[in-house]
Structures are given as C-alpha cells and as structure tokens.
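Below you'll find the structure I mean.
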Amino acid sequence: MSRASLSLLDLAGVKPYQMKKDEEYMNEEQILHFRKILNAWHEQIVEEASRTVAHMQDEVTNFPDPADRATQEEEFSLELRNRDRERKLMKKIEATLKKLDTDDFGYCDCCGEEIGIRRLEARPTADLCIDCKTLAEIREKQVAG
C-alpha cells in the first residue's frame, strides 16, 4: 500500500484517540496526538513534492512526435496542479500546527464550540464545527445557485 492511500491516522502511526471519562478537551495528550498526525501529513506532502520534481527531471524527453510531447506536457501540468493544491494544504497544516501552540486548536472559529475529536481525526485542519460548516455550505450553495 502506498503512503498516499493510507489514512492520516495510519500515516502518523496512531490509533483513533480514546477519550477517558471526565477527560478535559484538548489536553496535552490530545494535542500531542494531533501534532503527530499533522507532522506526518506535512512530511508526506513534502515527500510527494520531492518525488514529483525527481520524476519530472527523469521524464523530460524531447519527443519528436507532437502528440507524445503534448501527452507528456499534460501529465506534467496535472502533476503541477496537484502540487499547487498540496502547497496550499501545507500552508493550512502549518497554520493548524501554530493553532496547537496557541491553544486555539479544536475549537470552532465561528461559534467557539468544540469541533470534536473524530471530526479532527478525519480532517485535522478543520476550523469549523460540523454545524457551522453545514451552515456555511448551505449559504455557499444559496449564493452560487
């Protein structure tokens, strides 16, 4: 199985966090859990970017056939678009890591409520609770539609 197909928890080598009875939300153990996940995710993206650069350098061939050259250019273009998306994701991961340092992590940017451990394990960069995210998506559809 490639690293890209692993879940974030598998990638970080952690199990789903098990809350203990009366455990405080976003305590040091939980912060460490999410820091591991975010650092592993960041590292994976850096590795993918390095592989892309190496692949593009290895694959540069001056094809005499215009169709072959166009195919290669399209493949490179797709890879570069993917890397651009990942670059933006890396910035979001880095911003989330900073939130871990300032005790802002895990709380909704809109209403201040807890985002929840399971939601954060699925999407550690989430900055809205599920209710606020749902409302934001509804508003977005109304504006677009």
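Each Cβ is built from the backbone N, Cα and C atoms, and glycine gets one as well.
Take a look at what Swiss-Prot says about it:
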- Cys108, Cys111, Cys129, Cys132: Zn(2+) binding site (BINDING)
- 108-132: zinc finger (ZN_FING)
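I would like each feature placed in context: is it buried or exposed, what are its neighbours, and how far apart are things?
Summarising the environment of Cys111 (Zn(2+) binding site), the number of other Cβ atoms within 10 Å of its Cβ, over all protein chains shown, is 11. In the three-state DSSP classification, Cys111 (Zn(2+) binding site) falls within coil.
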Setting Cys108, Cys111, Cys129, Cys132 aside, what same-chain residues sit with their Cβ within 8 Å of the center of the Cβ atoms that define the Zn(2+) site, listed in sequence order?
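These residues sit around the Zn(2+) site: Asp109, Cys110, Gly112, Glu113, Ile115, Leu128, Ile130, Asp131, Lys133.
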State the count of C-beta atoms found within 10 angstroms of the C-beta of Cys132 (Zn(2+) binding site), not counting that atom itself.
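Excluding its own Cβ, the number within 10 Å is 17.
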Rank the binding-site residues Cys108, Cys129 by how many other Cβ atoms lie within 10 Å of each Cβ and give me the one with the fewest.
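Across Cys108, Cys129, these binding-site residues, the one with fewest Cβ atoms within 10 Å is Cys108.
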What three-state class does DSSP give Cys129 (Zn(2+) binding site)?
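Note: Cys129 (Zn(2+) binding site) is coil by DSSP, not helix or strand.
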